[in-house]
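Per TrEMBL, the features are:
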type: REGION; residues: 1-32; note: region 'Disordered'
type: TRANSMEM; residues: 40-62; note: transmembrane segment
type: TRANSMEM; residues: 94-111; note: transmembrane segment
type: TRANSMEM; residues: 123-143; note: transmembrane segment
type: TRANSMEM; residues: 150-169; note: transmembrane segment
type: TRANSMEM; residues: 181-202; note: transmembrane segment
type: TRANSMEM; residues: 223-244; note: transmembrane segment
type: TRANSMEM; residues: 270-298; note: transmembrane segment
type: TRANSMEM; residues: 310-333; note: transmembrane segment
type: TRANSMEM; residues: 339-357; note: transmembrane segment
Amino acid sequence: MNSTTRWMTGHDGLPMSAEAVQSPPAVTRESRATGTRTRLAWLAVFCLVLLLACIASAAVGTRDIPISTVMRALFDYQGSDNEVVVRASRIPRTVLGLVVGVAIGVGGAMIQAVTRNPLADPVVLGITPGAMFSVALAVGVFGLRSIHQYLWFALIGSAVAMAMVYAIGRSGRWGATPIRLTLSGIAIGAVFTAFTLALTLLNPSAFDQMRAWDAGSIAGRGWDVTVAVLPFVLVGLAITASVARGLDAIALGDDMARALGTQLARTRTLGLIAITLLCGAAAAAAGPIVFVGLMIPHIARWLVGANQRWILLISAIAAPALVLSADVLGRIALRPAELPVGIVSAFLGAPALIWLVRRKTAIQP
């Protein structure tokens, strides 16, 4: 009996019908369609959550404003006190939360994909410590006091830190492997953190100024901050889109990625540039907002599987929803005072991450 006959017979030796032979591809197509429908359903859910978070961000605060007034401030502005608050404070804050959230979510997913490390985040690659050191330098040495003044220092510090991590990580015969990048980032981050502590301890005024920035906040930022960081975020997103397809191959390992025709050096280099732009812009605008870039990609991976393009898309929607929700909770937790979004995200993120760690499927890279 030849191989073709064996393929066309069932377990009992009887010939199989053409429909039975063709059933596995049909099952595969059906499974793929079901997976796509599930992913689209989760995408719709997160879009709805993001919409509700935006509405709450514009309406909730020290003084709650009716949604009808919020809509009137947007589309039929008449200059009332509440409408002024919405236009001058709430809307810029909400838009900045959207921009920062997208940058953190996509940046965090990119870091975990490029390094193949499910515990990687901007701190691990030294991006946030680099931004913190630059801000401390701007405040302690140059005497800058406004977020608009040291914004560029934070961006430059993030870029310098990432460049150092990449230069050290790619030195030697093996090049910029994920483990070398991770270890280089931890080392560079530790050095920048030590310098930051030294600067703030030697300069009390710098210490006071750094406390506000280090907590992570989107309060008190105007349109100028959003306009300043938005180009970096858009370029970072464009680069991410260009390399997203190759990230699935990288997840299989360097040897398999090469066998599949992926240009590892190009994909990894562009990925690191995108990470620097996204995470550096977010840190410059809002300071370190912890757990979001670490936790959201895990949630996305758990819900939509290991497809990196879907993980990036879900992260781009879920992360700003979490940032805005944490910001709203911070406004109402201690009225009339406010908790910075970075503190609230830590309170929310720590137990959520512990729960995810207990589910093996959520932490597989």
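Glycine residues also receive a Cβ, built from the backbone N, Cα and C atoms like all the rest.
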Contact yes or no, the transmembrane segment (339-357) and the transmembrane segment (270-298), 3+ Cβ pairs under 8 Å, gap 6+: yes
Cβ contacts the transmembrane segment (181-202)/the transmembrane segment (123-143), at least three under 8 Å, sequence gap 6 or more: yes
Proximity of the transmembrane segment (40-62) to the transmembrane segment (150-169), 3+ C-beta pairs under 8 angstroms: no
Contacting positions for the transmembrane segment (223-244) when only residues 6+ beyond its ends and CB under 8 Å are counted: 92, 95-96, 99-100, 102-103, 106-107, 110, 147-148, 151-152, 155, 266-267, 270-271, 273-278, 280-282, 284-285, 308-309, 312, 316
